[in-house]
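Undergrad: Got a structure for you, questions after.
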Amino acid sequence: MGSVQVSHLILFLALLHSVLASTPSKEDTSGDSYWLLRIKSELVDPAGALENWSPATQVCSWNGVACSSDQAHVRGLNLSGTRISGFISHQFWHLAFLETLDLSSNSLAGTIPPELGKLQNLRTLCLYSNHLSGRIPEELGTLKNLEILRIGDNMLSGEIPPVIGNLTELRELGLAYCQFNGSIPVEIGNLKLLGSLDLQQNCLSGIIPGEIQGCEVLEKFAAANNRLQGDIPASMGRLKSLQILNLANNSLSSSIPVELSHLSNLSYLSLLGNRLSGQIPSELNQLALLEVLDFSYNNLSGIITLLSSQLKNLATLVLSNNGLTGSIPNNFCLGNSNLQQLFVARNELSGKFPLELLNCTSLQQLDLSDNNFKGELPSGLERLEYLTDLQLNNNSFSGNLPPEVGNMRNLETLILFDNIITGRIPSEIGKLERLSVIYLYDNQMSGEIPREIANCTSLTEIDFFGNHFTGSIPETIGNLKNLIVLQLRQNDLSGPIPPSLGYCKNLQLLALADNRLSGTLPPTFKFLSELTKVTLYNNTFEGPLPESLFLLKNLKIINFSHNRFSGSIFPLLGSNSLTALDLTNNSFSGSIPPRLAMSRNLTRLRLAHNHLLGSIPGEFGQLTELNFLDLSFNNLTGEVAPQLASCRRIEHFLVSNNQLTGTLPSWLGNLAELGELDFSSNNFSGTIPAQLGNCSRLLKLSLHDNILSGQIPPEIGNLTSLNVLSLQRNNLSGSIPSTIQECKKLFELRLSQNSLTGSIPAELGRLTELQVILDLSNNSLSGQIPSSLGSLLKLERLNLSFNHLQGEIPSSLAKLTSLHALNLSSNDLQGQLPSTFSGFPLSSFMGNEKLCGPPLVSCLEGAGQQKTKLSNTDVVVIIVAIVFTSTMICLVMLYMMVRIWCNWRRVSVSNLGGGGGGGGTEQRRDQEERWVYEEDQKRKGEYCKVNSSMALATSQDMHISRTCIFHFEMQDTGAKGANT
């Protein structure tokens, strides 16, 4: 009886359940609709994709919901690309009959719920392209019926769980574009039905497991952009169904396995960006269905063994960036070749242009750049009638550019730079109506630029830099309405800029620098509204700038330096986007416009060597990105504007050779990026601010030729990166700070023509990088030359002249073998010069009286002269004696001359008084005139001049004559005459 009652109760409950199930209720907690509404409550739906999910409507009509044929259960949910966000609900497991779940391409975050592992009927799970993170739940390994698992393009991490190998029904596994690490699990080999395995763009490492051969029907294997290592397993050759193999950008090594030639269905093979070496197996020519092969960026060597004539379906062959040698094989192409792209750039291929390529008539892109090809370009290039891109740059091709190039009507890109091509540009180039880019730079081409180039109306870029083109820019250049880049720098072009250039309204870059162009800028420049960069430097342009240039609002870089422009610079300031303005070495005048400060991104401003007046605008303080400011060699006046303290990124601050006044601002020490400071040749006064010691990156400090006073601050030693210190020609005083020894990178030190005192610091010897000069001349330095200067082995010039240095020259200075200019003159040095100094001129040591040795007098002579040196009293006595003796001799000589004159007078009178002595006697007297040495006079050592006729004179006459001449012997002569 009890069992009957139980049976009736069960029957009643079953009937009740069926009644309740057949009656829809909004509060039905057991139906799929309830759980879908719970899932909806956890999502954000900005696009209203779930708007019709309502208890008032049949669940099977809801957006993205698919039901079973009897509409009893939800079997599919596809909300891909509906822009929903939030988290994947843990309630999905209640949809027990769910076979497809696609939430891809949304903005879902959080982790993958482990509860999804309870959906045992699930066949497709797509969660790719979201923002999911965390690991792959191990529970997914229980989905025995799963065929498609695509969860890539997320932020998932961790290792790929080996339980993936349990999904034996899996056909497609997509884990790409995540952050998975670890190795590829060997359990992958259990997936016998797997057709697609996508693991690319992760952080996977280790080797490719040989067990992958178990994926017998695998058609696509992509593991590019990981960190895989080791060999490519030869067992991969057993994957007979493989059509796509992409292992690019890993660290795979060793050689390419010959077994890959067994992949007879392969259409795409990419091994680029690995470390593969050895030769390319010729067996790969058996891959008859191959369409794309890319072995670029490896270490492959040997010759090219691949033949398009055998790989009949090959459309793209990329072998760039290897070490391949030789040339293109002879039978590389046949008439039925499908090859469209051939890239063999950056190898070591050599020889002449491979004529075999002219048989590849279907070629569209050919890149032979960066090899060792040479010789002339063949005229047969015109056979490549479908060619759109020809890149032959960075080789050694020579000769002329063949005119037949003009017949390559489909050519869009012609890149021949960095060769040795000579001659003219053929006028036939004008036939290339589709030509968009032509790069001929860095060749040796010459002649004029043909006007026919203006017929290439599709041109967007022209680059003829670094050739020898002459003549003018074609007047028809304005026909190139699509031109964006015109680069003609460093040629020999002359004449003015053609006005038609202004009609190239799309022009963004104009480079005409380093030519011989002249004239003024045409007013049509105002139409170049897209121009962002213009460089005209090193020409002879002249005249004022057209005011209409102010209309060029997009200019960012302007370089008009080294021309003859004049007038105001204001027309160049229409753009507020300037990043660099260089007008160096022109004749611009007027003041510097404050409007320059409106270009807040300005980094380089160079206005040196002009005739600019006025002060430096304080508005420049708004140029917070400025790193190069050069206003030197102008006529600027006033003080340095304090607002410039805001230019904290400035690295080069040059205002030399102006008429600036005031003191050096202390805020210079706050410019932490400062590398070069040149305030020289101005009228700055006051002291050198100690704050400059904070500029730790300073390489050059030039403050020479000012009126600076005070001491050199010891903080100068903080400038440990300093290379050049120039403080000469100021009024600096005090001693040279010893802290300068910390400037160990100094190679030029100039402190001359100041009033420095004290001794030369011995610490200067630690500046072992000093090379250009050490100049301390024209100061009041004293003491000895420190021997430590002998450590400056790189020093080329040393000037210590015009000081008060004493003592001997240290012998250590003899080690300065690099020295080629030395000046120690005008000091109080003494002792012997080092022998190595003998080659310097005498002027190097003048003004040091106690120095000796070559090139001065030898020290031995100097010592002898020192020993015989007399006292001052002795010198005076000797001088008096010499003067007295000389005076007496002069008086005696004068007396003798007077006596001789008297004797001559008397003899003449006597001869006249003798009368008719006969002509013969007179003639004989004239013939016999001579010097007579008389006996008495011989005794006295005296001479007299007499005539022979004096022998006829009386004794009285002789007496008178002698008395006249020798008055002091008158008595003796008279006695002698009486006796005769």
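Each residue's number is its place along the chain shown, starting with 1.
Cβ coordinates are placed from backbone N, Cα and C, and glycine is handled just like the others.
Automatic, uncurated: that is what TrEMBL annotation is.
If you look up TrEMBL, you'll see 32-68 marked as domain 'Leucine-rich repeat-containing N-terminal plant-type'. Per TrEMBL, domain 'Disease resistance R13L4/SHOC-2-like LRR' is recorded for 72-176, 357-489, 692-829. What TrEMBL records for 1-21 is signal peptide. The transmembrane segment annotation in TrEMBL covers 875-898.
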Undergrad: Considering every residue in the domain 'Disease resistance R13L4/SHOC-2-like LRR' (72-176), what is the mean pLDDT value?
TA: 96
Undergrad: Six or more residues beyond either end and a Cβ under 8 Å away: which residues meet both conditions relative to the domain 'Leucine-rich repeat-containing N-terminal plant-type' (32-68)?
TA: 26, 74-79, 82-87, 89, 91-92, 94-95, 97, 100
Undergrad: Could you tell me how many residues in the domain 'Disease resistance R13L4/SHOC-2-like LRR' (72-176) are helical, how many are strand and how many are coil under DSSP?
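TA: Taking each residue of the domain 'Disease resistance R13L4/SHOC-2-like LRR' (72-176) in turn, the totals are 20 helix, 30 strand, 55 coil.
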Undergrad: Residue counts in helix (H, G, I), strand (E, B) and coil for the domain 'Leucine-rich repeat-containing N-terminal plant-type' (32-68), per DSSP?
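TA: For the domain 'Leucine-rich repeat-containing N-terminal plant-type' (32-68), the helix, strand and coil counts are 12 helix, 5 strand, 20 coil.
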